[in-house]
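Notes for the one structure printed next.
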Amino acid sequence: MSAEQAGNGSGGRTGKGGKGERPPAAGRSPFAAFLAALRISRRDIRRARGRSALIMVMIGLPVMLFSGAATWLATEDIAPHESLAWDMGAADARLDGSTFGEPVRQSADGNVRFDEDGAQPNRNKRRDLSRQEIVSLFGPGSRAVPSRTSWTGYQGPRGYREIDVREIDLSDPITAGMYRLLSGRLPRAAGEIAVNPGLGLRPGTEITLSRTSSAATVVGVVESQRYPHHRQIVAPPGTVLADGKRVTTEWLVDTPAPVSWQKVRELNRKGLVVASRAVITDPPPSGDMEDPAPGDPWRLNGVVMAVTGVGLVVLEVALLAGPAFAVGIRRRRRELALIAAQGGSARHLRWIVLADGLTLGPAASVPGAALGVAVVAAMSPFVHRGPFDVPLNWVVLVALLGVASGLLAALVPAVQAARTNAVTVLAGRRGRAVGGRGRPVAGLALVAVGLALIGHSAQNGSRGFWSAGDAGLLAGFGLGQLGLVLLTPWLVRAAAGTAARLPLPLRMAARDAARNRSRTAPAVAAVMAAVAAFTATAVMASSDLARAEERDFPSYLPGSAVVRLFDAEPRLWTEVKQAAAEALPGVPFVEAGDLAEPGRSLTGVWVTSGDCGEPCPALHSGELGPLPVGGVDLLRHVLRGTDPVAEAAFAEGKAVVFDPRLIEDGKVSFETRDEAVDVHSLPAVAVRDRGLVPVAGVLPSRAVAGLGLEVRHGRLIVDPAVHRTSAEEIERLDAVVREVSFSANAQIDDGIDRDSTAVLLVLAVAATVLVLGGTFAATGLAAVEGRPDRTTLAAVGAPARVQRLLVAGQAAFIAGLGVVTGMVAGMVPAVADAVGAARHEADWRRMLPDPERPDQVAGFLIDVPWPALAAMLVGLPLAAALLAGLCTRTRLPLTRRLS
């Protein structure tokens, strides 16, 4: 019997519950039929290598990225026991060099610390401990080696640089494993240092250290095992750093016996934080160890965000690969019809198509996961400092998700294959497209839930890292996307109904998309999801930059040229001013200074008067500090103009402040904090500034001496309204002041860089690949199914351009509808994010001096990158249409229909 005769004798289609749904033959197990389906699938995969490779890339690429990311994070996450030698060498314990003065709680590794009430310890009560005190804590036979860290400046062959410094005796056996000697030898005496290779200094190079103004010779190049790429100077103890508040001290302790957890808790009660080798190597049972930070919400929020993100990726892969599977089904229609005609049931046809997903899924996921791990393994020696670590559970889970995405992508084509009408297919006719006309209740419900969750997150979510608001926003976005996927067939039908006035080829394309919604909807949904993610991310990123620019408190007016001197010696300041005047002749400089106790170079200043709190929350001061000292030119610079009342009071020796709440009984009071806390007050007047420079006020130089304080000058400012300093001028100015002192420099303060081109470009490229991929997959399927229509057009004399317009219209319809709906969907979370940011901003703004000032009013702010969205809206459908039209074959052979 021929295939056609078998088909005619079959009596029709093999739908579920129809006549073609036969029970399996006696003695033939379903498993045998499934194995046969796998064999058929493997044979078809070998025949259609190009399509199979495309599907494997669609599934394998996300698997590779996620498995690589999981391996990267696992390798970056260095366990405490893996870094013992890096952190404490051969010591038995590492101890903070000061006590908090009150009982504290800590984690087993000593990195998390809280007081007994679960709050951060009060650092104002800290007291440094001597070597004798440290040794006495651990008993006879113990010894302690200090490790002191801070920063300094140095003048080297490439000019002035600032660098971190660590004073530690690397020749002591207790430090073994902390550093690796690359060249030269270890420093042993004063004037000898070792450097990180990133500094580019070789043994024998001499530099000048700013802390001691003394020369030092590089004798070795070392690499920190903990931070191999961190630029640092290592010196013997007591040779570079002087005692002071900016020096952090830790002690490496060698003890006769291991430091137990009970000993650690005993030291905690004395206000000390200890990292014990014995405790880290063999942690105590969880029941014996307190969690200093219980109820951490980040873990749950991180899980929610991870699950939602992975779910969206799996959905996108399934939507993209689905049309590719459907293309294969259309090309195998006759083969499937022959199987149905020869007794194959609808279940068998479903198995054959699902076998494609089951075969291609593992074939793509396993190599993808292995490749992701291999790429990280190859990069690890160059970018990671910890041992290479493969999170096998996560990698297996990612691979299984890849398999699941393959099966999910093949699910809809499998259902369509099960509805194959053998008679229609074998007769060479196309079946009538079936599309539901019911109401998309499930899709609407999911969209409503997603919108509600997004709205709730915007109103109540915080703005913290991985906060509940962020997790709720992403979860709502994910549910909304899933609902829109279910709504897409309805959207396709509604959009096609508006195409009545279009030219004939475009009208046919819209009609074909509506008739074959099962083919069009997945592609439109894939395009929509990609564009929605691009739109939401792009608008959020642009809005974040705009908000950062709005609330930015620059230390200086944008465009100001600033000369800084970090050395407080008056002679150097005079020379710096003279050099600056010679470098920029005729350019006026504004001089600004800081308050200082006599004989001190730096003193903390806190405004205490008024009813704005302690410290005053209105004072978000920058580099100039809350109360800079200067002349009338500094006052005009801050005020952005002249003010006769302020200048008259300033000339009388009164302070000018910019918040009336800071004045109490006609005076402004402030504290200077150094070795002791002193309170000072000065007559003051309040004026309204322009809100551009973050200072509480300006003090006249003549009034400082009467307070028993001194002025430490350290900044020259070129007002951009007076002179715009060019790049050549600032380079010349920087060079001349550095010749005076290696602690001087000059640069232009430009504020926040709002260039987001790189971010938008990366997002646009990713979205373009996904949009074009989904569009071409669906257009290719439409071209296969629509070949009889194009053959008919050619037979009645339609020119080739009509056929190209038909295919181009199909691509434009898919891409255009997906881009438009995706942009609308992406704007929803972006607007919600802006609303949440406005609420957060409003809470912060209430602390400012005058919340009703125009420059301090909290409000809704969203910055839409219109050029990028316009390019996406117009460019992607146009590109898809042009490419699809150009790649269309217009010379089609005429076919005959079988009776």
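Each Cβ is built from the backbone N, Cα and C atoms, and glycine gets one as well.
TrEMBL does not curate its annotations; it predicts them automatically.
Quick look at what TrEMBL lists:
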{"type": "REGION", "residues": "1-27", "note": "region 'Disordered'"}
{"type": "COMPBIAS", "residues": "8-17", "note": "compositional bias 'Gly residues'"}
{"type": "TRANSMEM", "residues": "52-74", "note": "transmembrane segment"}
{"type": "REGION", "residues": "99-127", "note": "region 'Disordered'"}
{"type": "TRANSMEM", "residues": "303-329", "note": "transmembrane segment"}
{"type": "DOMAIN", "residues": "323-421", "note": "domain 'ABC3 transporter permease C-terminal'"}
{"type": "TRANSMEM", "residues": "349-382", "note": "transmembrane segment"}
{"type": "TRANSMEM", "residues": "394-418", "note": "transmembrane segment"}
{"type": "TRANSMEM", "residues": "439-458", "note": "transmembrane segment"}
{"type": "TRANSMEM", "residues": "478-500", "note": "transmembrane segment"}
{"type": "TRANSMEM", "residues": "521-541", "note": "transmembrane segment"}
{"type": "TRANSMEM", "residues": "758-784", "note": "transmembrane segment"}
{"type": "TRANSMEM", "residues": "805-828", "note": "transmembrane segment"}
{"type": "TRANSMEM", "residues": "866-887", "note": "transmembrane segment"}
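Distant neighbours of the transmembrane segment (439-458): 468-473, 475-487, 489-490, 828-829, 832-833, 835-836, 839; these residues of the same chain sit at least 6 beyond its ends, with a Cβ under 8 Å from one of its Cβ atoms. Remark: secondary structure over the domain 'ABC3 transporter permease C-terminal' (323-421) totals 83 helix, 1 strand, 15 coil, with classes taken from DSSP. Taking pairs at least six residues apart, the transmembrane segment (394-418) and the transmembrane segment (866-887) share fewer than three Cβ pairs below 8 Å and do not count as touching. Sequence-distant contacts of the transmembrane segment (866-887) (same chain, six or more residues past either end, CB-CB distance under 8 Å): 531, 534-535, 538, 760, 764, 767-768, 771-772, 775-776, 779, 804-805, 807-812, 814-816, 819-820, 823. Note on the transmembrane segment (52-74): residues 45, 310, 313-314, 317, 320-321, 324-325, 360-361, 363-365, 367-369, 371-373, 375-377, 389-391, 394-395, 398-399, 401-402, 405-406, 409, 773, 777 of its chain, located 6 or more positions outside it, place their CB under 8 angstroms from a CB of the stretch.
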